[in-house]
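Colleague: Summarising the annotation, TrEMBL assigns signal peptide to 1-21. Per TrEMBL, domain 'GDNF/GAS1' is recorded for 40-117, 161-241, 251-347. Look at TrEMBL and you will find 47-53, 161-222, 168-174, 185-200, 195-241, 224-229, 251-323, 258-264, 275-293, 285-347, 325-335 tagged as disulfide bond. Sequence annotations record features per position, and here TrEMBL assigns N-linked glycosylation site to 357, 413. Summarising the annotation, TrEMBL assigns region 'Disordered' to 363-392.
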């Protein structure tokens, strides 16, 4: 009888321990009331199929049209509509950057969220799904593309930005889209109009959205030891057309223009969400996620808020949109704060340097931390003719520099400089740095051991 009772007790405690140790009992997504997010296009379809949701959604859109938040919330019908939608998939929906219906998805997102904040927010929540990849994933891809080992001496002397342009030319898609934006952004419209900026921006967006980041990152964030390399890096986006203008607008005015466009507004909000300096993390980045920050930075290229390197310094990394804070009046403090998120941002600076050095976060995150993975990108230097000559069949009139001669001598996977750049990205990676500590690795793991102690005592008593 005693043995039977002991067996039953053991079975009961075993099942209890299994339930305590199971991920579902420890992870947030399984909490009551949580629902997995869907993209806003799908959420809109689900809402349209349900009469109560669809009618409330129409009501809320009418409430938000031309009214401020306080006026909207004072209306009982508007409040009721908001309460219903907060329980629908629409309220928590997100979008994916580069998705097929990205603009439609973002329009749906902002139709709900624009009027739900207190006035004009300095930082807005990102409408995009969080990035869960890491820089180290890109380093592995880069090493596969290089195909050779790294010689530190050669690597130190290598022009990594030139190597990036060569690697891009070995990939058909990268070469095609790079050639396209170089051609468009270099095409003079008239003596007074150097290029069609709108078309240039569109071509740049296509390049950075459609070319894998193992190529685009290498072009944007290549590490440099000399002025020529740094100037090539600065010229990657052909700044004379895509970035610079006759005069610098006020940064808050530029932000205002950006926020009138759903795509630009979303990319700026995503940059702030992933690159805002955090003083509670090792890297100064939210969740120690270098990849998410670099991806958000690249995502702003091709819009009014396009950022770029302010000079050709090989060591001091300073980036900024084309704007300043003159004429800010009593908004000067806010303007300076906005500009410092680019020019004096330790998260962004550390992320760029980490990518150039081929290093990722070398400490294990305290919890499930998401580290963005973007592929190094291969860069071309628009102002340096070699980029154009080697990447496209545009003709020699567009390409006329010594760098083109260097690129033309490239053979697939046999370039010493190319292999040096790629392999350098992989040499300093700590194998364990790619792993994320599971949610059940914290204090909750003490529960099973405590239960086992109780079990041992009970079994001893029963035996006696």
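For all residues, glycine too, the Cβ spot is worked out from N, Cα and C.
Annotations in TrEMBL come from automatic prediction, not curation.
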Colleague: Checking your reading of the structure: which of the disulfide-bonded residues 185, 224, 229, 325 lie inside a 10 Å Cα sphere centred on residue 195 (disulfide bond)?
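Modeller: Those close enough are 185.
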Colleague: Quiz question: given the disulfide-bonded residues 161, 241, 251, which has the greatest number of C-beta atoms lying within 10 angstroms of its own C-beta?
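Modeller: Comparing the disulfide-bonded residues 161, 241, 251, the most crowded Cβ belongs to 161.
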Colleague: Cβ neighbours within 10 Å, counted over all protein chains: which one of the disulfide-bonded residues 53, 200, 258 has the most?
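Modeller: Sorting the candidates by Cβ neighbours within 10 Å, the top entry is 200.
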Colleague: Tell me the Cβ neighbour count for residue 335 (disulfide bond), meaning other Cβ atoms within 10 Å of its Cβ, over all protein chains shown.
Modeller: 22
Colleague: Report the same-chain neighbours of residue 323 (disulfide bond): residues 6+ apart in sequence with Cβ closer than 8 Å to its Cβ, ordered by sequence.
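Modeller: Listed in sequence order: 248, 249, 250, 251, 253, 254, 339.
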Colleague: Specify the nearest of the disulfide-bonded residues 53, 222, 285, 293, 347 to residue 357 (N-linked glycosylation site), where nearness means the distance between Cα atoms.
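Modeller: Result for residue 357 (N-linked glycosylation site): the nearest of the disulfide-bonded residues is 222.
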Colleague: Can you figure out which of 222, 241, 264, 285, 325 (the disulfide-bonded residues) comes closest in space to residue 168 (disulfide bond), comparing Cα atoms?
Modeller: 222
Colleague: Could you check which of these disulfide-bonded residues, 185, 229, 241, 285, 335, 347, sit within 10 Å of residue 275 (disulfide bond), going Cα to Cα?
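Modeller: So the list reads 285, 347.
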Colleague: Report, in whole Å, the straight Cα-to-Cα distance of residue 293 (disulfide bond) from residue 185 (disulfide bond).
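Modeller: If we compare the Cα positions of residue 185 (disulfide bond) and residue 293 (disulfide bond), the gap is 26 Å.
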Colleague: Give the sequence-ordered list of residues that share a chain with residue 285 (disulfide bond), lie 6 or more positions from it, and have CB atoms under 8 Å from its CB.
Modeller: 274, 275, 277, 278, 292, 293, 347, 350, 351
Colleague: Ranking the disulfide-bonded residues 195, 229 by other Cβ atoms within 10 Å, which is at the bottom?
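Modeller: Fewest other Cβ atoms within 10 Å, among the disulfide-bonded residues 195, 229, is found for 195.
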Colleague: Minimum Cβ neighbour count within 10 Å among the disulfide-bonded residues 47, 325, 347: which residue?
Modeller: 325
Colleague: Please identify which of 185, 222, 224, 264, 293 has the densest Cβ environment, defined as other Cβ atoms within 10 Å, among these disulfide-bonded residues.
Modeller: 293
Colleague: So what pLDDT does the domain 'GDNF/GAS1' (161-241) average out to?
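Modeller: The answer is 94, the mean pLDDT of the model over that range.
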Colleague: Out of the disulfide-bonded residues listed (200, 229, 258, 335), which are within 10 Å of residue 222 (disulfide bond), Cα to Cα?
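Modeller: The disulfide-bonded residues close to residue 222 (disulfide bond) (Cα within 10 Å), listed in sequence order, are 229.
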Colleague: Whole-number Å only: compute the distance from the Cα of residue 174 (disulfide bond) to the Cα of residue 161 (disulfide bond).
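Modeller: Counting only the Cα atoms, the answer is 15 Å.
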